[in-house]
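Trainee: There's a structure below that I have some questions on.
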């Protein structure tokens, strides 16, 4: 087992790595030519434009020495923006996402304090490891962990009571936070500007009718069943093929620009390329001519397809966006069942237009149960058997395999250095590639399940990713062997022994997880702020493709938080913290450092970099809450197992009570708050309606809504995109409401002049 | 193990018992003085009045010899009434309840056919038991069961494929039936007459307000949030104390009548009694005077309390029945969330007035989660530890205990005959008393949980009773020992071994369950039709209390189906049938006989005896469906365990697929049909509204609804009870709709003349 020195060394290395990343970030972000990589959010908001310095050099490199001195200057800057302004700047989703890190601090700082004040002395003075002589190897970390307590000792009452105390403290913080987020969401929804989704309901599974088109059917149905409230509706076209063509055209366009640029720089030779795979083989063609003609072809096809989609009744999907005269009526329609058959005329509150996942709107309801079955079975196999295909690939990708496939490589491979490189690296690469692809695979699974909004897709993927991490990272690290071997072992073990087996090996794995936190948590987060991949891609694009300012705008890749991958990874820290709080308190400070550091880094990123793709109004919170509850229950069961193996079995009934309590606490919380994330209360809707009627009695809602829900590929051709942008601008607060939240003096400057980027830390 | 002869003997005894009961029934029911015991339903409907024969003797005894000859004549009579008429006569609940028995026949008759055609020959020709010599005792039943197949034999493929076939057949029948019942329910709701609950929503947890009374608050809230739809509301008074007084008064009144009757018959001595417990000790008083003064006292109290309730604002419960102008608006309000806080202003579709459980309307929502936690913990202990207090009582109630408590009984007890009687009977009595009390205990638990309608209370109690039967009757019979010992054993066993242990002992218990079916199912049902308890009580009441015709009406106790006890007991037969279908097909005919016999008996009872207490519109069907699905999954898991112990473990993956499939089948069914039992579709509500508006444009709905939801104790004083009776008369079909269902010729006779009781089998 690792000693304190080992941990210290690992900490040193990781801290140095992190500092290295931070230094690199400090230097790179100050260079004007990186400005669009590190501050894209401000460009998107139109507040920041290109560096205005006149000198050629100073346009690319920052020569102001003073600015390098405060290399951590961005940190206080990131913390400066108050939460209401952050919501206004980056949306509620982002602001609430940051609260998860704060929640980590709120839970673990007091827990760490009490663990060190009470449990560490209890463990330290137990001297069990010392007394048992040289038989067991142990380090100082073990001396302050539960391992140092003599089996059957009365000292376990301290751990037991602390376990209760920590559970109740977590309850308190979780309950408070759930309530706070629910209030924030309701306030956000209540004060946001008029948006199309407030009036609109997504209707799915409209039954086919021989006499009427889908559009007529929808109109008649809602005129009959919501006679005083129905306003208008928009049919949904199956434009999946069309949007494929548009995408293809844009990619070919990029290549055309690239070759044109090449030709301009070097007019002597016309650029050519081969048409085969990756340009490696095939016919050699003149690139500019080739792409020009290709684009023309696609354009023709696109026009044909566009007409076909608009005219062919088969391309109309049995789904529709139905809008009502009032928010009240939309809330009513979304929450009620329309017909006898609950699988027809399904209504749900429409996602905002940016959030819609158009491809899934056409899936018939009857296949959804089947799709869910398929996905859950394949997810089960993915989680427990994912090592199998990888092992096959690994066994193929060894030296013999390569030699058999490509005998001519034999002399090279058998050079000892290359041989050891292949043997050492190749097996790992297969696993690494799989892990990189995993979020994409999970997202594909979620898409196959038929969810209709991007936000719900991300939430579903996050759930799957969490289960995968739980099984393969957490349990997989504790019990060696593949997940399938574990599963097999568990099935053949008695139900009461599983927690004992795991609980037993938990204390031994503490140092492993401490190292994991430092590598993945500390250095990983520092790497996040450096944005190495977007940095490289931006400069490549900038060099080859960018001609106009608009191109440069497009080359920017602000990215987004990526809830589906970042949140489950983050949840692992909650799990580790809760599991080790009683067992090895030494781990807690590492977790606290992670939460604090990650909070600052992500706050900076959200303010300066990420661009939110949609606004779900923090709809993910119930999932976050549920996963922390899961972690709590796991920690309680494992502690029970550990206690049993420590011959403190008389505590089992008392510990058994904790998971039951936690389960009911969760029910209580959901009963109290969950509906705020699912339903739209009628009172709120009515209030907004009444207010609006008083303010704008002559509002032409019908024309406002007429083109709101239109497939993105039709958007350019049919409505003014400027108007559209304005509709979903980030200024989601109505002006009146905004005043209540924001300090008036700040608002003045924000409105009248472009904001001096006081939050980006560049001053 | 029991041989065929043993089974034959048991069958003979039980068939004789059943025939004995049926003969007794045949004789008793024909006596005019028993008429109100065996045909109360017709009296309640006003179609049957007292026997009109003039002779004194023939008023009490039936002297017509011919009528005794056809002693099973009631059976075809019970089957004659067509289902639509049955629904009209006894309500949808009763008609659908009968379908559960039919469902049993639909599932098990084909299964039995295929089991006997395929599995019995396969088992019979295996000769494993014969070949293994005299080592294992076996009977003919075992020869046709799965025990006769050699471990590891390929013949298990027959059982495996039959298991699939039976599962799919059950799926098919269940799906069809769920759909059929859902249609029946929707049709029933669509065609029923105007009823107050169609327009009414029960609002609970109205937040307290310092400025307004509950009534004002409700009016303002709904005028604001449902401005075009709100009609009126009725406040709920906490009249629990008052209704206690009313009940007390009526019971005292009965005693007064009893003693008055005694005095009339024997005017020489005035009746006296002692005021202490059960009249055993205390002051001796003149009974008539005592009860007269007691009733006067209570009457005074009652008047005071009545005034207090009506005036004291504290007796107003924060709940209200809110009525709307249309069914559409009521459906909307019931299905939507009203305010931000989902625990305030809770709305749900109001139960019909008869169905309301008034005592629970005052329970605040916040305590519901807590109450549910308490109930589930105590139910867990009840199920797994109920033997403990009984064992304590049993150990006290033995001979030594009695002698210690009452030494003077010693000489009597030590007579050998009495001694053995006490030893044999007493321990059983404690258990028997507990089992009799069990439904009451479970109902009390459900009431404590805070459900607001009698129908939901019965459904919840039924769920609990089912779990109890599953654990203590089914598992308890298979694995001997108390449930707690089983639990302990299971926890210390590996998860994969539990089904093996149980699966292993399943075939051995077949004969036990066959006997059980005959005792509980065959003889028990025959006892049901005899109605011994109501018969005795009626005659006691008739003798002592009845003076007027109205008294006699009250002395009738038609009873009701008692969903909370009868359905879970019935479910045990589904479980036994599904479990043994593959393992011991010999059991199936016994189950089929049970279902067929019980169907006829209950159909007779529903037509002639039971009076429905409420009409829930078959809201219990999802629970029935869910429990059969549970039984199916249990049978699949046990078969898997048995197969493993039979060294046919290669079939496990194939069998593992079945429970997963069943689980998803259940999800599919619920997605398709469940909402018909929970929600009120807007289209249906709108259709009924439109129809009504066209028919009765000048309907005064407000006065119709004004007193509909009033606590029963206020009903007599405030509204005309005749009107009330009419409102919920059993003629639930509107006249127009009725015509569509019923054959017109039949309807003629039904309307104009009192029905000659053609369905009671008395002709």
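Every residue gets a Cβ built from N, Cα and C, even glycine.
Just so you know, TrEMBL annotations never went through curation; they're auto-generated.
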Trainee: Kindly point out the range from B:348-372, B:373-397, B:498-522 that TrEMBL annotates with transmembrane segment.
Mentor: B:373-397
Trainee: Select from B:445-464, B:465-484, B:525-544, B:545-564 the stretch of residues annotated by TrEMBL as transmembrane segment.
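Mentor: Among B:445-464, B:465-484, B:525-544, B:545-564, the range TrEMBL annotates as transmembrane segment is B:465-484.
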Trainee: When TrEMBL marks a stretch as transmembrane segment, which of B:277-304, B:305-332, B:417-444 is it?
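Mentor: Range annotated as transmembrane segment by TrEMBL: B:417-444.
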Trainee: Please determine whether the domain 'CSC1/OSCA1-like cytosolic' (B:198-360) and the domain 'CSC1/OSCA1-like 7TM region' (B:371-643) are in contact (criterion: at least three Cβ-Cβ distances under 8 Å, sequence separation 6 or more).
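Mentor: In contact, yes.
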Trainee: Between the transmembrane segment (B:6-28) and the transmembrane segment (B:623-642), are there three or more CB pairs that fall under 8 A, provided the residues in each pair are separated by 6 or more in sequence?
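Mentor: Between the transmembrane segment (B:623-642) and the transmembrane segment (B:6-28), contact is absent.
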Trainee: Looking only at the recorded stretches B:6-28, B:100-122, B:156-175, which one has the largest tally of CB-CB distances under 8 Å to the transmembrane segment (B:572-602)?
Mentor: B:100-122
Trainee: For the domain 'CSC1/OSCA1-like cytosolic' (B:198-360), what's the mean pLDDT in this predicted model?
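Mentor: So the average pLDDT across the domain 'CSC1/OSCA1-like cytosolic' (B:198-360) works out to 83.
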Trainee: Can you name the far-off residues of the same chain, 6+ from the ends of the transmembrane segment (B:156-175), with a Cβ under 8 Å from a Cβ of it?
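Mentor: For the transmembrane segment (B:156-175), the far contacts come to 103, 106-107, 110-111, 114-115, 118-119, 122, 146, 149, 578, 581-582, 625, 628-629, 632, 636, 639, 643, 646, 648, 651, 654-655, 658, 661-662, 665, 669.
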